[in-house]
Structure formats: C-alpha cells, structure tokens
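The structure appears right after this line, and notes come after that.
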Amino acid sequence: MDLATIAFAFSLVLLSGLSTSIGGALAVGKREPGPKFMAAALGLSAGVMLYVSFMEILPEALKKLESTLGDEARATWTMMGAFFAGIAIITIIDRLVPEEINPHEPATTEEEARRKRLIKTGMFTAFALAIHNFPEGFATFLSGLEAPEIAIPVAVAIAIHNIPEGIAVAVPLRSATGSRKKAFWWATLSGLAEPLGALIGFALLMPFIGPMTFGISFAVIAGIMVFISLDELLPTAEETGEHHCAIYGLIAGMAVMAVSLALFI
C-alpha cells in the first residue's frame, strides 16, 4: 500500500468531514437552505448510500471473504454477521447519545435559561456528532484504500449528510451567543472526528489489513451506511414536509450511483 493511496483516502475523509463547515456557514449566513432543497439533498445522500451498500460494497465484501475462506456458505454467513454487527455498532452509539440535554444549573431569568440551554444544546450536539462521525470516517478511509470508485461517491454522500449536522450545531450557538464565528467553528470541529476516526482505525488495523479484514470491514461499513440512511437521512428529509422531494432525491441518488459505477467498472 503506497503513500499516494493513503493520502488519497485520507483526503476524501478530510473533505467529507469538513463539510460540516458548509452547514455552519449556511446557519450563520443570512439565508438558510429551503425545505425542498434539504429534502432532495438528504434523499440523494440516502439513495447513494443504500445503492452502493447493497449493489457494490456487500458483493465486494463477499468476494474478498470467499477468496480467504474458500467456501461460499461460510463467506456469506460471515458477511451477514459483519453487516448486522455494523448496524449494532451504530445503533449502540445512537442510543448512548441522548437527543436533548437539559441545563443542570438554575438560571436567574427565563432569557438566561434559554441562552444556557441553547449553548449546551449546540456544544453537546457537536460532541454527539463527533462520536457519531467517528466510524463514518474510518468507513470512508477504508473504502478509499481499497476501492476508489466506491469511495468517491460514498465520500460525497457523507459530505451531503454532514451539512445539516453542521447546521444543527451552529444554529443554537448562533442564537445563544450572537457570535457567528463561534457557531461556525464549533460546526467545523464536529466534523473533524471523521479524519480522527480514520487515523485511529488505520493505526489499529494496519498490521491486520488483508482480504479478510477488508471483507469484514466492508460488510460492517455497509451496515453502518444502511442504518444512517434509514434512521437519520430519510426521517430528517421527511421532517421538512417535502415528501416527494425526498423520494425524488432518493431515486436520483440511486440512479447517479448506478450510472457512476457502470462507468467506472
């Protein structure tokens, strides 16, 4: 594995992680993206993730496991176990991080209470997203090492998915502090967990990297991506109230992914 491949994979992770800063910039700007745009963008991201997971990443995982285990049945069971393990990992992370946080210290006025609540919400959201983005960073990095034709659309999908996360961090902080700069930088920092996850994951798994490691990791990655699509992206798209835009985006994401894979392969 040469340095250029490692640098390419890490660059993809860094760019997709830093897209939270786009969300931060939108949140501190004068205009926020409209509901139709957000629904379509989130649907597009979900479509890309779902299509590439089932049509490319899982078959690739099975191929690598078969080459190592030498038995299709064992490879299939191993792939299925790793896929649902990926779902379990991201589910546990999702369950451990509460959706809301209440202030622990009493405030002197209602406005002060609101301000403290918003500050804590924004900072806690940044922390929660950092934990949540950790496995996504490693997933993108590993894809970049082994299969660039998969890694590029995956990185784009994760980047789109990170934009509303940046907005979620920046909006309460901007409202509470009045500082656009602080809101923007907190949103940016929340995305840096992805390159950190890539570095730590690579350091831990580098001695074990081979067909078996890639096969299991790809199946785990597919599980993580499917969960994110079904639990986060599509529900968030639906919350905009633009159901059809979300579905059109979903179909468009699948179509774009199908065409891009056909052109690359």
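Each residue, glycine too, has its Cβ placed from N, Cα and C.
Site annotation (Swiss-Prot, ligand Zn(2+)) includes His161, Glu165; from Glu136, Glu238, Glu239, the additional listed residue is Glu136. Simply put, out of 6-26, 37-57, 208-228, 6-26 has the most Cβ pairs sitting under 8 Å from the transmembrane segment (150-170).
A distance of 13 Å separates the Cα atom of Glu194 (Fe(2+) binding site) from that of His161 (Zn(2+) binding site). Sequence-distant contacts of the transmembrane segment (245-265) (same chain, at least 6 residues past either end, Cβ-Cβ under 8 Å): 35-36, 39-52, 55-56, 149-150, 153, 157, 234, 237-238.
Taken residue by residue with DSSP, His161 (Zn(2+) binding site) is part of a helix. Put simply, of 6-26, 37-57, 77-97, the stretch with the most CB pairs closer than 8 A to the transmembrane segment (184-204) is 6-26.
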